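Now, the feature entries from TrEMBL:
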REPEAT    8-49  repeat 'WD'
REPEAT    50-91  repeat 'WD'
REPEAT    92-133  repeat 'WD'
REPEAT    161-202  repeat 'WD'
REPEAT    205-246  repeat 'WD'
DOMAIN    301-544  domain 'COPA/B second beta-propeller'
DOMAIN    585-733  domain 'COPA/B TPR'
DOMAIN    778-1172  domain 'Coatomer alpha subunit C-terminal'
REGION    787-847  region 'Disordered'
COMPBIAS  802-830  compositional bias 'Acidic residues'
């Protein structure tokens, strides 16, 4: 959004050329008034005017290094000016028509000019430079003719470029190469090359249909940009010399082009204004997984290791970022298959699929990608990805061979993009919402109303998602339950989750944070926009617009402090308060807003703010301290109000005394029943000659005689007479009656005494100093923070005791209180020497308990058991089982693999526990003591540092067991082999490995064991169906489709061939013969198979129909042992991956015997590397 900053009005008529200085706050302008003006835009004024041209000035430009300006004019000359001396230092003559533009070369001593005389001229100004650098040489030169008329010898024509058929409007140098580009009224753009001796035309670019107004080289790419009176901007490929992009306006002709010196921005002026634009997307395509960043730069797919900061090219991408074509828009990584999807807007939306070899790092090999069209493409499973086909409004599910396996209809007709949403799900974006779609069940899981979403960022545990739009961030749960929304006024560029669940994001000029409750704030300011890829602690890894990896250090203290408050981790909050330099109004305001004024008290040094916070949290002691420092009546009054609310009369009294609020003091003494001090207040009112105060105090005291006296002195004789009469003050009443009679005044009427009631002060409920308060434990922060400042507070309490006992004005009435204090001190002094039993302590007296606890034995707090340390930060079920934490191990397995039946795992859990513990016998009659055994422990191991438990199950042991199972299967001992493979399946959840390679090995082992358990169950079922030949043939056929070792596949094919041949299913038997021969079996087996095949081909038909179609891909339901053909719905075991018909959902898998079919899981964890 462009905003007008300033306006400069001094030219008479149109201004045709403007140029800014590279480093000074200057710009130069030239107009139709023949004047060149130099301006200081900070001072907002014209510094001076250069006169000399005799016609319109077309262009002006500062030199990159010297204090020169070059100008081109319709007077057919080019002038070079020194803007420091304000002189014309050279006039370049030679053109015989208007000079439309002139420009310095960025490095060489050259000027290029374009004229309507159909030529482009290149001028050598090296002599001018030498003259400027060594002006003393000019003294030796002979006087020359008037340079203003005939031109000087300081600038000479080096080349005259002729080739345009009409006037040339613009010419420009290439910033680094010896090239010139020009545009003319012949509608052509010409490319010229030059060397030291000559210049020549290289090529002509045709495409504009009207005069070419301006043309320039792009500073960063091998492209030429031109605009024209045909209302278009065109982009040309320099190497191919062809047009690659065209931008048009409906009604406006283009006249001028300019490039930003540092940013990738271009500007074009047209009839009704200007536009600022980019030629290509600057956001790099990237994806982060684990400890690795995958991104595209310089036509390579590259990786960046966060830990080692090593950067390697992986695969060459042919089309990425080529001139004129859109660079990659997004990148998605599949860790299971090491595959990468690169999506771009090329050809209306397309994708490229790369399978990255494991050893490709650093090689950068060229690979032929699998390509396809689609506006978005994301992985949805280990070997599946989804592509949005907007043209046909469908989502295509493809395998890694780029073959369509399924088609899904999007939830809305306006779906224009899809994003990753976990295994088997995608987020579909429409204009006003996102919808989570299950591509397996073809059903909508959830939807959320949002602005137009541009990017989706999942948290590390996939439990939260951040949806980024242009000016907002929506945080939601994994089921799209809305948590919070953060609005920004500046564009949101990128974001990533840190390990604590805080979303760190960038705008154009800030790195900011968003807490789970929606609170946000600024972490730091940015010089240039960056795109966050990963956050590790205080380090933010990001890419800049050039595709360079950067690491920015941030201060996480503020948002970690707020997060700890939200999560009620008060120990951590206290630790940060004591150890961090947290300060500032924002923290104080935040603490107040969130209801923690007692914490804010710790940060505040300003006494007024401190007082307000103390009042807010009811901390009278701190408020009193601040009041002493401030000592203003308003603050004493506020303190009195809060103290009265709490029933702390001593401080209320002191506050009223400080503010001289006598009326309030009187009322305070009334409600507390302190009649002595109330009588003193009456005396004070008399001294102050406050008649109303005297009357009120007399009224509060119930002193009728004093009231009559006051009324008399005030001249209210009738009221005095009635008061005396009603209260039975006979003598006073008679005196007043005589006075009325002497003055011949009528006596005021007296009310009936029977109806009168004595107005006496109320009896107070409590006569003690303060209200009794319920003793409660101080808040966590209040107690902890005040504990640090205890000595200071004790001292303040002592000072307060002397000051607040009674003010000076009341000294006369304190005798009793003083004696009482002395008596107590005497008792304390006596009690210090005598026994404590014979002390006569006052009832209800409070004693200050000192550190008397030191005389008692305090049991030391128990340490953390070693086994508990094993499980504190572990997400591995094997380590929990080894520690004996079976319940947490079961919960982990339930979450990771959907485990619901734990009976089969019981012996393995016990074995894991016993293997990691040693038992030492105790004394007779006592149980043995158990101790955890750590893996790799030595005498040099540091005590107290948590290690890992010694484990019973290791990957090499399982691999050995697999070999035994293979051998048993080959020998045909299927029942025994089934037990071995099932044991492997039950042991794998408790295995712990170290490296990612070993994780892959465990997954492969799991897949093998599952296939063999499934296959052996089919074979055993076949043998059990001896009385049903048809079923036997079907099961034998299914057995051949299990992923077994080649030897076992060959044996299964032999069996199926034999069974079907005997059943006279010759067509099916022939199928098995051909598959058997493809495996290159031993000669004897091959001969037998050929003979059977020859016999079958004579009568290619089946006598018994089978539920078996070999040409249609299928999987076998592990429960019903029937085929589930491609396209049919199925459910899987989340652990073994065995397939089932939909009716089996929610039941226990018969293959692995532990997982609930169809459960939603996070995936098996067998290594800490999976967590990181």
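Glycine is no exception: its Cβ is also placed from the backbone N, Cα and C atoms.
Within the chain carrying the repeat 'WD' (205-246), a Cβ under 8 angstroms from the stretch's Cβ atoms is held by residues 166, 169-175, 179, 181-185, 187-191, 252-257, 259, 264, 266, 268, 270, 279-280, 323-325, all 6 or more beyond its ends. Long-range contacts of the repeat 'WD' (92-133) within the same chain: residues 55-56, 58-59, 61, 63-64, 66, 68, 70-74, 76-80, 82, 150-151, 153-162, 164-173, 175, 180, 182, 184-185, 192, 194, 199, each at least 6 residues beyond the stretch ends and with a Cβ under 8 Å from a Cβ of the stretch. Helix first, then strand, then coil: DSSP counts for the repeat 'WD' (161-202) stand at 0 helix, 25 strand, 17 coil.
For the repeat 'WD' (161-202), same-chain residues at least 6 beyond its ends with a Cβ under 8 Å from one of its own Cβ atoms are 97-98, 100-101, 103, 105-106, 110, 112-122, 208-217, 219, 224, 226, 228, 230, 236, 238, 241. With helix defined as DSSP H, G or I and strand as E or B, the repeat 'WD' (50-91) counts 0 helix, 25 strand, 17 coil. In the predicted model, the repeat 'WD' (161-202) has a mean pLDDT of 93.
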